[in-house]
Structure formats: C-alpha cells, structure tokens
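Record features (TrEMBL):
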BINDING   Thr304, Arg335, Glu358, Asn468  L-serine binding site
BINDING   Arg335, Thr336, Glu337, Val351, His352, Gln353, Phe354, Glu422, Ile423, Ser424, Ser425  ATP binding site
COILED    106-177  coiled coil
DOMAIN    212-495  domain 'Aminoacyl-transfer RNA synthetases class-II family profile'
SITE      Thr470  site 'Important for serine binding'
Amino acid sequence: MGLHKLRLAAAVPVTFSSRLFLKPFTNTLTLGLFSRHLQPRNKPLLVRAFSASAAVQDIPATQTSDSSVARPLWKAAIDFKWIRDNKEAVEINIRNRNSNANLEAVLQLYENMVNLQKEVERLREERNNVAKKMKGKLEPSERERLVEEGKNLKESLVTLEEDLVKLKDELQHVAQSIPNMTHPDVPVGGEDSSAIRQEVGSPREFSFPIKDHLQLGKDLDLIDFDSAAEVSGSKFFYLKNEAVLLEMALLNWTLSQVMKKGYTPLTTPEIVRSSIVEKCGFQPRGDNTQVYSIDGTDQCLIGTAEIPVGGIHMDSILLESALPLKYIAFSHCFRTEAGAAGAATKGLYRVHQFSKAEMFVICQPEDSESFHQELIQIEEDLFTSLGLHFKTLDMATADLGAPAYRKFDIEAWMPGLGRFGEISSASNCTDYQSRRLGIRYRPSEPPQTGPKKGKANLPATKFVHTLNATACAVPRMMVCLLENYQQEDGSVVIPEPLRPFMGGIELIKPKLK
C-alpha cells in the first residue's frame with residue numbers, strides 16, 4: 001500500500017471559448033497570481049511578481065451550470081495591463097525560471113476580455129439611453145419600438161455578461177502559471193549556477209573512522225527506523241532516549257533565540273484548507289505533489305508552518321502601524337517526498353513527518369529586502385552558535401520555487417554522509433502570497449478631503465510583502481549534530497548552547513549492554 005492512502009482528489013479540466021472575440025488556444029489550469037512590487041529603497045529595479053507553480057498542474061474548481069466551464073474557488077488580484085506593458089521582461093523571466101507558462105495565451109485572453117468588456121459597456125450605455133427616452137412623452141409606436149429595443153439589448157447583455165464571467169475565469173487559470181519575477185542579482189541558470197554568499201567554518205578533521213547518523217542512532221539507541229516502517233511505512237522514525245531531549249532542546253533553544261529578535265511564538269493548525277495551500281503557492285494535487293490531501297475533504301496536511309501562518313491575516317486590511325508582523329511558528333510538517341530517491345534521502349535527511357520552527361514576516365514592500373537580510377542573519381547566527389560548518393547560497397533562477405523573488409539556502413557539512421546538505425532556506429515572496437491571500441495594509445498618511453464637505457478619502461490600501469525562513473528543521477539538524485560531534489568512543493557531545501535545554505546533559509554515551 002502506497003503512502004498516498006490519503007488519496008489526491010482529481011482536478012477538473014477546463015476548456016472554454018467565448019462566443020465573442022475569442023481565439024482558440026491550448027489551455028491548462030494552474031495556480032498563481034500576478035503582483036506588482038514597489039521598488040526597494042535605493043535600488044531601482046523592474047519588479048513584478050506573479051504567482052504560480054514552476055510546474056503547471058490542475059487545481060480544483062466548482063462547476064457552473066455550463067458543464068464546459070469550471071469556476072475557480074478563489075481569485076488572485078491580477079494586473080493584466082502590467083503584464084501586457086512589460087511583456088519582454090515577463091517573457092525573459094519565464095525562460096530563466098524554466099517555467100512552462102503560456103504568456104501569449106495570457107495576452108490573447110486579456111485582449112479578448114478587454115474587447116468584450118468594451119462591448120458590454122457599450123450595450124449597457126445603449127440600454128440606459130433607451131430607458132431615459134421612455135421616460136418622456138412618446139407615440140405608442142415609438143414606445144413599442146423602444147420596448148422591443150430594450151428587450152433585445154437586455155438579452156444581448158445577459159449573453160455577453162455570461163461570456164465575460166467565463167472569460168475572466170479562464171484568464172485567471174491560464175495567467176496563474178506565470179511565476180514571480182526575480183531579483184536582478186539572482187544568478188541565471190540551474191542549481192550549479194547558485195552563488196556562495198559566505199562560507200562559515202571548516203570541516204572537522206577526524207582521527208578515527210566516522211559513522212553516519214544512522215549508525216550512530218542505532219549504536220546509541222536514539223532512532224528506530226525499522227519499527228516505524230512496520231507501523232507507518234518507509235521514511236518514518238521513532239526518536240528515543242536522549243534524541244527526544246535533543247529535539248526539544250533544539251526547538252526551545254531556537255525559539256528563545258529568535259524571540260529575542262522580536263518574533264512572536266506560535267503553534268499552528270496542521271490541517272488546513274486546500275485553498276490556503278494553493279494561495280501560498282503550493283500544489284496540493286498532481287502526481288508529484290509534496291502535499292498530503294485528505295480524501296473526501298477540502299483539507300490538507302501542512303508541509304510547513306508558512307502555510308497556516310500566512311493564512312492568519314487572510315482577507316484583512318492591517319494598519320501600517322501594526323507592521324512589521326514577525327512570527328516564529330512551531331509545527332509538525334508532512335511531505336510526500338514524491339520523486340525523491342537515492343543515497344541523498346537516507347535516514348533522517350528526507351522523511352515524511354518532522355518538527356520544524358519557521359520564521360514568517362509580514363511587512364511593507366519597501367522593507368522586505370532588509371527583512372530578508374535579517375532572516376538570513378538569524379539563520380547564520382543560529383548555526384554558527386552550534387559550531388556547524390556551512391555555506392549560504394544565493395539560489396539560481398531555475399531553482400527558485402514559484403513564490404520566491406529571491407531565495408538563500410544554507411547547506412551544512414554532514415561528514416557521515418560525506419557532503420553538504422540543505423538545512424534551511426529564506427525566501428522573499430514579495431506580494432506573491434499577499435495578493436492571493438488578500439492581505440493589505442492602509443498607509444498612515446493623513447486622509448485627503450473629498451469633494452463633498454466633511455468627506456475624507458482614506459489612503460488607498462497596498463499589498464504587504466511576506467517572507468519565510470527555516471529556523472530549525474529538526475531531523476537535518478540532528479544529522480549535523482550527531483555526525484559532527486561524534487567521538488572516537490562512539491559517544492556524541494552536546495553543543496554547549498543546547499545543554500541548559502537538555503537538563504545539563506553534555507554527552508550522549510553508548511548504553512551499557
């Protein structure tokens with residue numbers, strides 16, 4: 001029995017051609033949103049975010065009375081005019097990120113929609129003119145003619161307005177395949193093109209044969225994969241003895257350190273609606289989804305606390321004075337790890353369920369780059385305090401997830417595995433998620449006096465920027481600590497910062513037989 005016993009619901013395909021103005025093209029339903037960014041301070045750049053997934057996949061939809069058309073469950077705030085006016089920049093970005101988005105289809109649909117909207121508005125104006133004429137004195141024949149004309153206009157409007165709704169729905173679906181725009185300093189290319197921001201420390205030199213964390217976990221009676229495989233399946237595990245204390249110590253120490261930086265601690269729901277998953281830029285369905293969907297419901301297990309934390313302020317308007325909002329959230333995370341195979345997935349490195357502390361920031365657009373640097377610095381300070389050898393990478397365009405405008409990964413040296421392994425990432429998603437989640441703020445500038453006496457116009461709302469970063473993914477931190485702090489006698493030293501959170505335990509020793 002496969003791990004997808006939480007069966008993935010099938011998505012509903014959509015094909016639609018309006019009766020007016022539309023030109024046919026191939027259509028695939030996807031996830032996403034388009035978004036505009038304010039320019040960062042002192043850095044002139046062309047910035048425009050789109051929400052989508054790098055791979056085009058179907059999303060669920062609600063059927064309308066016309067069975068050939070599927071209505072989206074939610075809509076993103078999309079500025080199609082910006083897409084049209086910046087076609088070349090969007091096209092280059094799609095190519096650099098290896099996206100299969102169909103920009104030409106988006107532009108064609110937008111043109112069709114604009115034309116249809118104009119026709120609808122023209123008919124509405126004609127109908128209003130007919131209604132005005134009928135208010136005056138008229139000959140019976142003239143009144144009869146106007147009544148008939150009004151009836152025909154009404155019928156035409158009903159047809160065109162239905163077409164317009166369907167066209168807007170299809171435009172949303174097709175446009176959502178376009179990924180976020182990219183920071184101009186991000187390296188172009190695949191993962192190998194990623195640039196090193198900095199490298200901290202050096203690999204520890206061992207004077208004895210080293211073990212990997214699987215052998216250490218077995219010898220020290222810390223980890224039980226075999227029993228977990230019988231109970232739950234592969235890629236699950238039991239932690240035992242000091243490993244349980246080490247997990248709690250890692251999380252409590254991390255929370256205490258991050259809270260000192262002004263972050264509010266949270267625990268989150270671990271089951272969320274699939275629409276929240278989609279709005280945050282994740283694919284809850286499809287062959288290669290990382291998300292467990294609960295069969296027969298619209299709910300999913302979370303793969304990261306980023307998802308429920310992002311949903312806290314959904315569909316709200318925040319006061320500028322309330323920003324920034326900074327959270328450090330603990331949750332269990334669940335991932336299918338579809339497509340993962342090979343030695344790089346051994347042991348704790350890639351599992352289906354794990355504990356994690358995640359940082360999440362909601363801020364004004366002009367502040368998101370500085371908060372991105374803050375998040376990266378917190379990560380680097382945490383891992384430096386634990387004595388890890390690591391490097392911070394500015395990830396290349398083709399390796400960015402759909403929401404990320406820019407992403408830095410941290411990879412730590414894992415001597416037992418003989419390689420660097422990713423232990424955290426920090427992403428600036430700009431307004432990709434907020435335009436889907438509907439999170440805005442109202443600037444605190446004084447209201448302008450309106451044309452009517454005593455009426456004040458409030459300043460227009462703006463979309464916030466969101467950022468996320470891993471503070472502690474427990475399994476991979478355990479890989480690093482067990483393998484880097486192992487001793488010749490088979491014991492493992494506990495890093496000094498964690499000892500107060502482990503009841504003073506300094507050493508994990510082999511158990512007496």
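Along the chain as shown, the residues are counted starting at 1.
Using the three backbone atoms N, Cα and C, a Cβ is placed for every residue, glycine included.
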Recorded positions near Phe354 (ATP binding site), in sequence order, restricted to Arg335, Asn468, Thr470 and a 10 Å Cα cut-off: Arg335
Cβ-Cβ neighbours of Arg335 (L-serine binding site) (radius 10 Å): 20
Which of Ser425, Asn468, the listed binding-site residues, has fewest other Cβ atoms within 10 Å: Ser425
Thr470 (site 'Important for serine binding') versus Ser425 (ATP binding site) - Cα distance in angstrom: 6
Top Cα neighbour of Glu358 (L-serine binding site) in the set of recorded positions Glu337, Ile423, Thr470: Thr470
Residues that sit under 8 angstroms from Glu337 (ATP binding site) by C-beta distance, when 6+ apart in the chain: Lys235, Gln290, Thr345, Arg350, Val351, His352
Fewest Cβ neighbours within 10 Å, where candidates are the recorded positions Thr304, Thr470: Thr304
Cβ neighbours within the same chain of Ile423 (ATP binding site) - under 8 Å, at least six residues apart: Phe383, Leu388, Phe390, Ile410, Glu411, Ala412, Thr470, Ala473, Arg476, Met477, Cys480
Env. residues of L-serine site, Cβ within 8 Å of mean position of Thr304, Arg335, Glu358, Asn468 Cβ: Ile302, Gly303, Ala305, Glu306, Ile307, Cys333, Lys356, Thr470
Cβ neighbour count (within 10 Å, all chains shown) around His352 (ATP binding site): 19
ATP binding residues Arg335, Thr336, Glu337, Val351, His352, Gln353, Phe354, Glu422, Ile423, Ser424, Ser425: largest Cα-Cα distance, in Å and rounded to whole number: 19
Cβ atoms near Phe354 (ATP binding site) (within 10 Å, other residues, all chains): 21
